[in-house]
């Protein structure tokens, strides 16, 4: 940790504290998460749920884990730094955010959730404190409670802050899925648009009461599984007639109310998937670009993969482990290679030509500066060597060429007649790039009628 200078503590939680720090080597500002418990082996560190999940995800709207360092049995996460979290922004606001701002943020979050859910993970702890903001970019953070969809239940009962906790979790269901993230996003969206929590319960029972007051009590048609869960834990839903969300959010558009209503459905199966939410009319005008396409087209900046993880061996010497590739997409360098027009074949060709020791064909001196030369268009960039084929049409007078190459020395006097195509008697050798003369020139155009012209090549 000597490479980092701690500047200021910016957060403190149950499992650790977060500091703003500077990398002394390159001046980069990073976030350092210092875990409170001690870890006595690096293998134990690498088995942490947060490390395992972040190593598998690479998305512009998911915070990057740069390094994992274990020093003196203390574990540090080196992560990319963001200016603040969503809770801090809401706390300092006087009036609610505009729908345009909420639309921009939520669209990014749902893209990250769609990416995450499709790869078999769900967050389980979505709340404004875990949504980090820098300017108009927002990213998911704190994957300490993230879990794989394929994990074997029962799951832990405590998940997320109570105000954003899904009803199936409140009723202590041990089986749930990514739908809990959808419920949390509905509550967060409503809070962004009103600056008031949608379900501010003081306990689990009070939280369910707050939910019933807004969307009504569940019944056999809306959520039969929920009634069974309540019966199991000897809980009875209060009988409240519902669907009063529009009354709570009077200054919000009908599209936003409709989306929040679908996200905050009692039945998890009736909540839309993250990928489906991106197609909702509330996000009309926003363009969804899948991460795989985005990295190729360069629509959004691609986030770099993890730099590595670092531990301390028994002898006190630091050891670095690779965190692996975070994405199956092609590296950014490949995308820039395509955009600049440098094909892989061209680069290989350049390398092959550099290995040889070719005799250079020097440009002939033209007496009247009217010699026409057919050539392959050259590019002044690596991977595109200039390939020339020396074939010229003479003027009426004789053109003298100096220092003619070995190729042209083999040619004798050549004459061109009207409507007649004349080719040199000996076949021209292949070019060094592996292309023949005919490949470069394609079809040879006939020379228009003219009086007999003669050209001599002089060594």
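Glycine is treated like the rest: Cβ placed from N, Cα and C.
Straight from Swiss-Prot, the features:
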| type | residues | note |
| --- | --- | --- |
| BINDING | 10, 11, 12, 13, 14, 15, 16, 17, 18, 33 | ATP binding site |
| ACT_SITE | 125 | active site, proton acceptor |
| MOD_RES | 151 | phosphoserine |
| MOD_RES | 156 | phosphothreonine |
| REGION | 310-397 | region 'Disordered' |
| COMPBIAS | 322-346 | compositional bias 'Polar residues' |
| COMPBIAS | 366-375 | compositional bias 'Polar residues' |
Cα-Cα distance linking residue 125 (active site, proton acceptor) and residue 14 (ATP binding site), given in Å to the nearest integer:
13
Relative to the Cβ position of residue 10 (ATP binding site), how many further Cβ atoms are located within 10 Å?
18
Counting other Cβ atoms within 10 Å of each Cβ, which of the recorded positions 12, 125 scores lowest?
12
Quick note, residue 16 (ATP binding site): same-chain residues at least 6 apart with CB under 8 Å of its CB -> 33, 34, 35, 36
Entry from the binding-site residues list 14, 18 having the most other CB atoms no farther than 10 A
18
Record lists 10, 11, 12, 13, 14, 15, 16, 17, 18, 33 as binding ATP; longest Cα-Cα distance in Å?
14
Residue 125 (active site, proton acceptor) versus residue 18 (ATP binding site) - Cα distance in angstrom:
17
The residue listed as 'active site, proton acceptor' to residue 12 (ATP binding site) - Cα separation in whole Å:
16
